[in-house]
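So the structure is just underneath, and the comments pick up after that.
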Amino acid sequence: MKKISLLGATGSIGWQTFDILLANPNEFKLVAFSAGQNIEKSREIIKKLQPELVSMQTEEAAGTLQKEFPHISFTYGEKGLVEVATHPDSTVLINAVLGSVGLESTLAAIRMGKTIAIANKETLVTAGHLVMAEAKKYNAPILPVDSEHSAVFQSMNGENKKRIERIVLTASGGSFRDRTRDELVGVTVKDALNHPNWSMGAKITIDSATMMNKGLEVIEAHVLFDMPYDNIDVLLHRESIIHSMVEYEDTSVIAQLGTPDMRVPIQYALSYPDRLPLANGQRLNLAQIGQLHFKEVDFDRFRALKLAYDAGRMGGTILTAMNAANEAAVALFLQEKITFLEIEECIERIMNSHNNIALPDLATILHVDSETRKTVASMVK
Ligand code: NDP
Ligand code: MG
């Protein structure tokens, strides 16, 4: 039985993780979880899985639930995330919280040698070198949850990593994939949230529309698989059936396929190196699909992807600045305070004025992160 800590239990990934835990009571036991504001979903998880510790974003929310469940321990805020991540009984941390707020708790769990199943890509983008160095030092396996990286990981099973020629990340193109740049002027939040293939949290759905999501994933692949940026390609593939692939020196290409269902990579990260049956999983029927489409990516059309490659190649604090600018700008777009195209403009302006520091420590990263968010806020005022 694997004992689990889960960060971000009430989100899109967190809730699907809850589903997997419910379906496999003999395999997994939830010992601790964190949520943001969602009391209702937290209540349901508590009732069904009876964890020992729960952290809410605010003291007030924690207090409300404490009255209902006096036998369970409650905590809150950022220290609460660390307490959940480092719960002494868990051996696996699933990090499905949103944004760079997940960084310190991930590092704390790594230092306890826990296995980290990571969905929280912002953590790997903003501080990939720190996370991977600590993981190596403390012997903590880092397993990808992101579907593309899970596909790459599965396509590397049993292979000699030195024989890898390149990684190809597939991209659906997001909600605006069939529009030109001119047609992006004036698009609404509602349009942007309408993803063709995946149902996900709001922030990552907007990231998919700008393609910053694929940019973050290129950096995530560089960090997780230690692959140079010149050997990481992005390929447009509108059906999201091939989740990504790995090409080897002998020209063989190994890919992982399946119907788009995030429970597959989440469950694989939990069951690895084994596989478990997927409750109500939809089998892939290629004959019915008939055709798969592929197209080269246009970096002028998807400028955010180009910005991410640029930041990745530079390395250092520009990665933190880019990620924080994106998080702040997407939040402003969701509040309808800036337009869709201003998300990219904002990231570009932050990157152009950034004084890069190579190999930053944690304090520097946290400082750049918070300063960048302030700058973005002042740009809008
Ligand atoms: P959601 O927005 O759906 O969920 C985010 C979770 O984090 C919620 O539980 C939310 O709580 C909690 N949360 C948000 N802010 C804070 C905070 N400041 N402190 C504590 N908790 C907080 O996000 P997703 O599930 O879509 O994404 C989570 C991560 O997984 C992201 O890094 C994303 O890039 C990555 N990912 C997501 C995929 C998907 O299919 N959704 C696919 C691949 C990667 P509450 O709702 O209670 O307020
Ligand atoms: Mg992905």
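Cβ from N, Cα, C; glycine included.
Annotated NADPH binding site per TrEMBL: THR10, GLY11, SER12, ILE13, GLY36, ASN38, ASN120, GLU122, GLY201, in sequence order. As annotated by TrEMBL, 1-deoxy-D-xylulose 5-phosphate binding site applies to LYS121, SER147, GLU148, SER172, HIS195, SER208, ASN213, LYS214, GLU217. Residues or ranges marked as Mn(2+) binding site by TrEMBL: ASP146, GLU148, GLU217. The domain '1-deoxy-D-xylulose 5-phosphate reductoisomerase N-terminal' annotation in TrEMBL covers 4-128. The feature domain '1-deoxy-D-xylulose 5-phosphate reductoisomerase C-terminal' is assigned by TrEMBL to 142-225. The feature domain 'DXP reductoisomerase C-terminal' is assigned by TrEMBL to 257-374.
Apart from ASP146, GLU148, GLU217, the residues listed for Mn(2+), the same chain places the Cβ atoms of LYS121, PRO144, SER147, HIS149, LEU169, ASN213, LYS214, LEU216, GLU220, ALA221, SER244 within 8 Å of the centroid of those Cβ atoms. The sparsest Cβ neighbourhood within 10 Å, among the listed binding-site residues (GLY36, GLY201), is found at GLY201. Across the residues annotated as binding 1-deoxy-D-xylulose 5-phosphate (LYS121, SER147, GLU148, SER172, HIS195, SER208, ASN213, LYS214, GLU217), the two Cα atoms farthest apart lie 19 Å from each other. Remark: secondary structure over the domain '1-deoxy-D-xylulose 5-phosphate reductoisomerase N-terminal' (4-128) totals 61 helix, 27 strand, 37 coil, with classes taken from DSSP. Counting only the Cα atoms, the space from LYS121 (1-deoxy-D-xylulose 5-phosphate binding site) to GLY201 (NADPH binding site) is about 13 angstrom. Distance between Cα atoms for THR10 (NADPH binding site) and ASP146 (Mn(2+) binding site): 17 Å, as a whole number. DSSP assigns GLU148 (1-deoxy-D-xylulose 5-phosphate binding site) to a helical segment in the three-state reduction. For ligand 2, the binding-site residues lying close by, meaning a CB under 6 A from one of its atoms, are GLU148; the full candidate list was THR10, GLY36, GLU148, GLY201.
Candidate binding-site residues: SER12, LYS121, HIS195. Those with a Cβ under 6 Å from ligand 1, in sequence order, are SER12, LYS121.
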